[in-house]
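Below is one structure; the comments refer to it alone.
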Amino acid sequence: MWSIVTDPIKDLISKVVKNSIHPDFHDAVSKMTIIDAFLFFIVHSIDKLGIWHRLPVFFGLLYLAIRRHLHQEYNLLNVGTTPVGIRSNPSDFPYRTADGRYNDPFNDGAGSQGSFFGRNILPVDQKNKLLKPDPMVVVTKLLERKTYKDTGTQFNVIAASWIQFMIHDWIDHMEDTKQVELSAPSEVASQCPLKSFKFFKTKEIPTGFYDIKTGHANVRTPWWDGSVVYGSNEQVLNKVRTFKDGKLKISKEGHLLHNEDGTAISGDIRNSWAGVTTLQTLFVQEHNAVCDALKKENSDLEDEDLYRHARLVTSAVIAKIHTIDWTVELLKTDTLLAGMRANWYGLLGKQFKDRFGHVGNSILSGFVGMKRSENHGVPYSLTEEFATVYRMHPLLPDSLHLRDISASPGPNKSPPLIKEIPMNDLIGLQGEKTLLEIGNAKKLVSMGHQACGALELWNYPSWLRNLVPHNIDGTERSDHVDLAALEVYRDRERNVARYNQFRRGLLLIPISKWEDLTDDEEAIKVLEEVYGDDVEELDVLVGLMAEKKIKGFAISETAFVIFLLMASRRLEADRFFTSNFNEETYTKKGLEWVNTTESLKDVIDRHHPEMTHKWLNSSSAFSVWDTSPNKHNHIPIYFRVPN
């Protein structure tokens, strides 16, 4: 009976699809519900005009909400088998476990160390195309830095350090014991720092699942649980804890402690550099300050309880800073300012939520504080495509501009330049030594006043093409690697779709010619030289760097769509941001700490009280510090129209 009503509607939609929708999406739309097909038609129509980011803020948010809904329905793919039924009681684990287990009561292992990377797009077998075109040719001709291009005043080196700090919290692939060797073809060998290099394959693991038969394990915990500070297992956690008053280890001078081999004692130290170490130090100080505040509020709390509550609070502070401070600077538009704040506070805003609590659904009050977590029927993980779009090494400069913080501030609170320190002196074990000489305060101010690199073609740091990689414990390996070439190879090896199929999978209109990707004539010429006329062969990393950017965005729109989906998922799927975001779990003082922290500046102010007053002129600690602060806009944000 119901089919009498629905069949004519489906026929009508089918005709609309054939006439109005890009042919590449006909099959995808045919598998959608009637409502979702209609929603896709709206999004696709706007995409064809390329105007969503120019819409008034409220309508831009509506577009993004519809697009996110579609991705939640069709771009969350489970890898591996899923247990059935309730597996654990949340009240037995009112804290973040060392290895990420027991967050999801229906799936003990979801988000744990060693769990599978998920997928946003079905894997595309590239075993026969691992060297087509050769990764070292791709890098030499299209990615390697010619001259340093920065982001102007929008994003600084703290911001570049922050995202690596987050990667060390979220993702790292398990390696196999088998090695692969790449050799530079003769046409580019003279321009490659390494003529050949060896590295370990990504370990391929059977999933026991009929659809996606093999997957890759994440050796970090993908929850937003601060594992960059605490580690992803009990062994590392025990090394960083003092087991006194809930605190973590740190020197009297405010530095991380070090092992005899020179490696830092911290949650995750693999392939690190002084910028990440500086942030790890800052958040060890934050954790310990939370412990002091909690103990002052309740002197009966024991070491274990203090640690557990302080970890919850510190992890939430990190997540909040990333959501409403870092990302807002990355995507510097009114629409994304409103959108990211809505993720945390909802459309009703901070003042309403602070006064009345979480009211209604996530649209009105945000994901944080929802009555129950939401994984959209797919166990929580971070995905292969997520790892791909976070390949952001062009953000790194060639040297750090060290500043004199003993001098008087210059114009816009700028400190004088002392010298430039090459990045090779700031990475790995040498970087730990250099940071001890510089000090955290001078390092923070110096990074704050220096613009980071732009995510564009010909801006991948040359010094990363001859890099000493680390073992998981932070010790150095003997074989150097060309990181740029390795990143191109890794996406192919892990069966991540190439750029055009990547876009199709995300319901984004694919390119049909190089001119659709970029207006840069030199780039078009070299793209043709490397890939010929076949746009389907374009590597996703190259496409993300080449793509025309939305005004205000430091990343490509393609990467942003993954952000749109996964940034929400990191909050809404985690019970410690939803059903357990309460005084009972965090304590009254702990919840107050999270709710009153709005930015990285707030954290810096707690541990370096004079620093921002003396040296920070900008509105955010993630934009260049001597920039003028944002001007107050009297127009309510939802009624603003982008310039």
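Keep in mind that glycine also has a Cβ here, set from the backbone N, Cα and C atoms.
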- What does Swiss-Prot list, out of D150, D169, D292, as binding the same Ca(2+) as T221, W223, D225, S227? D169
- Task: From the candidates H168, H173, H632, H634, give the one listed by Swiss-Prot for the same heme b site as H393, R490, R494.
- Result: H173
- R270 (site 'Transition state stabilizer') to H393 (heme b binding site) - Cα separation in whole Å: 15
- Task: Around the Cβ of T221 (Ca(2+) binding site), how many other Cβ atoms lie within 10 Å? Please give the count over every shown protein chain.
- Result: 32
- Query: Are there any residues in the same chain, six or more apart in sequence, whose C-beta is under 8 angstroms from the C-beta of S227 (Ca(2+) binding site), and if so which?
  - Reply: G100, H168, D169, R220, T221, G267, D268
- Looking only at Cβ atoms, how many others are within 10 Å of the one on R490 (heme b binding site)? 21
- Item | Reduced DSSP assignment, R270 (site 'Transition state stabilizer') | coil
- For the recorded positions H168, H173, R270, H393, R494, which Cβ has the most other Cβ atoms within 10 Å, all shown protein chains included? H168
- Item | Ca(2+) site shell beyond D169, T221, W223, D225, S227, criterion: Cβ within 8 Å of Cβ centroid | R96, G100, G111, W170, R220, P222, W224, G226, V228, Y230, S232, S315
- Message: Roughly how many Å lie between the Cα atoms of H173 (heme b binding site) and W223 (Ca(2+) binding site), rounded to a whole value?
- Response: 15
- Among the binding-site residues listed here (H393, R490, R494), which has the Cα closest to the Cα of D225 (Ca(2+) binding site)? H393
